[in-house]
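Comments concern the structure below.
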Amino acid sequence: MTLYYSLVFALLVFEMVVFMSLIIPLPFNIKRGLFTFISESPIIAKLQYGLKITFIFILILFIDSVNRVYRVQLELSQAKFQGGAAAGVAGSERMEVQARKFYSQRNMYLCGFTLFLSLILNRTYVMILDVLRLEQEVKILRGEAPKNDKNSAKLGEAGQLGEIGTLKKKLAEKERDIEALKKQSQGLSQEYNRLGDQMAQEDGSNKKAR
């Protein structure tokens, strides 16, 4: 096994360990703290970004291995039509082609399972976050947890890492600023109308006094 396929195998083992650690049943507070740490840690965010780039290279290796399997299969189909005096030579060549087919299929399955497990890990992470949020909401409705809990707020913001999460946060802040400006402008408009009515009443009273 070449170096890059050895690294792919190591990554597959790492994904299996992470998947097992995600599905291990833990108390709610411990799991909430763990997922909050994962969502807030800049090291984890950088690691996720590096893994995304790595999976792109693994996808290229997967496509290459599928192409190799296809070419080896063509060689085997051509070898079936060989016979006569070249039967012995064709047999040895067939063994070599079978060996290359085995290695190509092994690499294809290795890269394929690594990519497939990465999708499962991502979906499992999102589903566990949703379950934790629902459990937190149930605890709040039952009165078992305070409404304005910092851990609950952090859990609600979990899973929004990277540039998209930052843009969402900035957008929410801008919307809050716009709402505050709207309320302020409404208050100023009401105060202006009140002062206008008051001045109109004062002018009317002065005219009557004259």
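Keep in mind that glycine also has a Cβ here, set from the backbone N, Cα and C atoms.
Any TrEMBL annotation is an automated prediction that lacks curation.
TrEMBL has this to say about the protein:
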| type | residues | note |
| --- | --- | --- |
| DOMAIN | 1-139 | domain 'BAP29/BAP31 transmembrane' |
| TRANSMEM | 6-28 | transmembrane segment |
| TRANSMEM | 49-70 | transmembrane segment |
| TRANSMEM | 107-132 | transmembrane segment |
| DOMAIN | 162-208 | domain 'Bap31/Bap29 cytoplasmic coiled-coil' |
| COMPBIAS | 183-192 | compositional bias 'Polar residues' |
| REGION | 183-210 | region 'Disordered' |
> What mean pLDDT score does the domain 'Bap31/Bap29 cytoplasmic coiled-coil' (162-208) have in the model?
Replying inline: 74
> What parts of the chain pack near the transmembrane segment (6-28), using Cβ distances under 8 Å and only residues at least 6 beyond its ends?
Replying inline: 34, 54, 58, 61, 110-111, 113-114, 117-118, 120-121, 124-125, 128, 132, 135
> Reported in the order helix, strand, coil, what are the DSSP residue counts of the domain 'BAP29/BAP31 transmembrane' (1-139)?
Replying inline: 128 helix, 0 strand, 11 coil
